[in-house]
Amino acid sequence: MATKIDYYAVLEVSRDANGDEIKRAYRKLAMKYHPDRNPGDTDAENRFKEINEAYDVLKDDQKRAAYDRFGHAAFEGGGPGAGGFDFGGGGLGDIFEQMFGDMMGGRRGGRRSGADLQVQVTITFAEAFSGVKKKITVPTRVTCESCDGTGSADKDAKPETCPSCHGAGKVRAQQGFFFVERPCPTCHGSGHLIRNPCKECHGTGTVEKNRTIEVAIPAGVEDGTRIRISGEGESGGKGVPAGDLYVHVSVEQHAIFQRDGANIYCRVPVRMAQAALGTEIEVPVVDGSRTKVKIPAGTQTGEHFRLRGKGFSVLRSSARGDMYIQVVVETPRHLTKRQRELLEEFEGDAAGHAKGSPESTGFFSKVKDFFEGKL
Ligand SMILES: [Zn+2]
Ligand SMILES: [Zn+2]
């Protein structure tokens with residue numbers, strides 16, 4: 001038997017690659033080496049077969065585990081080496097059902113379906129706040145209209161049952177004392193033969209097409225959220241349900257608002273004298289409105305003021321987060337002569353007025369304790 005290349009190496013993925021990474025790698029390579037794109041190139045054809053074989057094993061958790069444990073021996077005649085399978089209970093038939101049952105296409109809840117699709121969509125901070133409908137274009141395979149998905153150029157021709165597998169789509173071959181089941185090489189697993197393949201879809205029954213889908217992104221969505229849209233993935237071909245579409249949502253950062261869960265934070269500068277005397281400031285809200293916030297006399301830098309219910313919606317709930325205004329007291333620069341005089345006069349007065357500086361009072365009494373060895 002010819003030496004086989006490691007399945008992970010075939011798909012150019014690491015041994016700890018997850019299901020999505022394996023699927024992506026498979027799609028990329030399968031596109032590149034597909035026989036339709038490389039007519040008459042035997043190397044590409046062999047590579048394509050290898051890629052499919054590797055993917056059949058690595059996409060299935062059970063088969064992958066068997067492969068990780070036994071290598072290619074898990075799927076070859078002569079059976080696994082030391083260690084072996086546990087043949088108790090179900091018998092050979094069940095084991096092969098488990099190991100090779102899913103040779104074609106994805107499965108969900110035990111039924112076959114078209115492949116799932118992944119798309120990325122980026123929305124603004126404000127769109128995440130209010131919710132938004134986005135039109136997205138999805139490259140996908142849809143049922144070929146030219147042949148109604150039959151794959152045959154002659155629509156009325158009854159599909160012939162494949163003579164190799166008698167319509168089963170898979171063949172069993174004896175290798176050593178094992179029976180190995182694999183997709184029928186004559187009909188590629190479909191179970192029937194097309195004498196006169198459709199020119200649009202090359203007999204596959206599906207064609208690639210861009211579809212535009214409107215996706216409702218709910219208010220309150222967070223960066224990195226994945227939305228599943230059932231049945232909007234790739235067509236599964238005739239009689240097989242379509243896969244699902246997964247929309248990965250990225251949310252852009254905002255110049256003045258930050259987010260933490262459902263709460264929104266906004267840093268607002270307040271002039272030194274305003275903070276000391278107290279004032280009312282106008283602050284922006286994410287929805288584009290404005291609201292007034294009372295800043296009491298003696299507000300310190302870093303103090304928060306809560307605007308209840310002005311935060312993000314909480315998904316799948318009627319709750320809302322809050323918005324927090326975080327005050328930053330600004331020290332004036334480039335003083336005029338008059339300002340300088342006033343501040344000098346103010347400072348002369350402030351020095352003898354300890355209660356007026358709550359931070360300093362606490363701090364300097366601790367400094368005194370520190371030098372006296374009490375701290
Ligand atoms: Zn067949
Ligand atoms: Zn067609």
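Just so you know, glycine gets a Cβ as well, placed from its N, Cα and C.
Quick look at what TrEMBL annotates:
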DOMAIN    6-71  domain 'J'
ZN_FING   131-210  zinc finger
DOMAIN    131-210  domain 'CR-type'
REPEAT    144-151  repeat 'CXXCXGXG motif'
BINDING   Cys144, Cys147, Cys198, Cys201  Zn(2+) 1 binding site
REPEAT    162-169  repeat 'CXXCXGXG motif'
BINDING   Cys162, Cys165, Cys184, Cys187  Zn(2+) 2 binding site
REPEAT    184-191  repeat 'CXXCXGXG motif'
REPEAT    198-205  repeat 'CXXCXGXG motif'
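Of all Cβ atoms in the protein chains displayed, 24 besides its own lie within 10 Å of the Cβ of Cys201 (Zn(2+) 1 binding site).
With respect to ligand 2, the binding-site residues Cys165, Cys184, Cys187 contribute no residue with a C-beta closer than 6 angstroms to one of its atoms. Ligand 1 lies within reach of Cys165 from the binding-site residues Cys144, Cys147, Cys165, judged by a C-beta closer than 6 angstroms to any of its atoms. Taking all protein chains in view, 24 other C-beta atoms sit within 10 angstroms of the C-beta of Cys144 (Zn(2+) 1 binding site). Report note: the Zn(2+) 1 site is defined by Cys144, Cys147, Cys198, Cys201, and the residues of the same chain whose CB lies within 8 Å of the CB centroid of those residues, excluding them, are Glu145, Ser146, Asp148, Gly149, Thr150, Gly151, Ser152, Ala153, Pro197, Lys199, Glu200, His202, Gly203, Thr204, Gly205, Thr206, Val207. A Cα-Cα distance of 23 Å separates Cys184 (Zn(2+) 2 binding site) from Cys147 (Zn(2+) 1 binding site). Cys147 (Zn(2+) 1 binding site) sits 24 Å from Cys165 (Zn(2+) 2 binding site), taking the Cα positions as reference.
Here the CA atom of Cys187 (Zn(2+) 2 binding site) lies 15 Å from the CA atom of Cys201 (Zn(2+) 1 binding site). Secondary structure by DSSP for the zinc finger (131-210): 0 helix, 35 strand, 45 coil. Highlighted in sequence order, Pro163, Ser164, His166, Gly167, Ala168, Gly169, Lys170, Val171, Pro185, Thr186, His188, Gly189, Ser190, Gly191, His192, Leu193 have their Cβ within 8 Å of the centre of the Cβ atoms of Cys162, Cys165, Cys184, Cys187, the residues recorded for Zn(2+) 2, and are not part of that set. The Cβ of Cys187 (Zn(2+) 2 binding site) lies under 8 Å from the Cβ of Cys162, Ser164, Cys165, Gly169, Leu193, each on the same chain and at least six residues away in sequence. Taking every protein chain shown into account, Cys147, Cys162, Cys165, Cys184, Cys198 are the binding-site residues, and of these the Cβ with the most other Cβ atoms within 10 Å belongs to Cys147. DSSP places the residues of the domain 'J' (6-71) in helix, strand and coil in these numbers: 47 helix, 0 strand, 19 coil.
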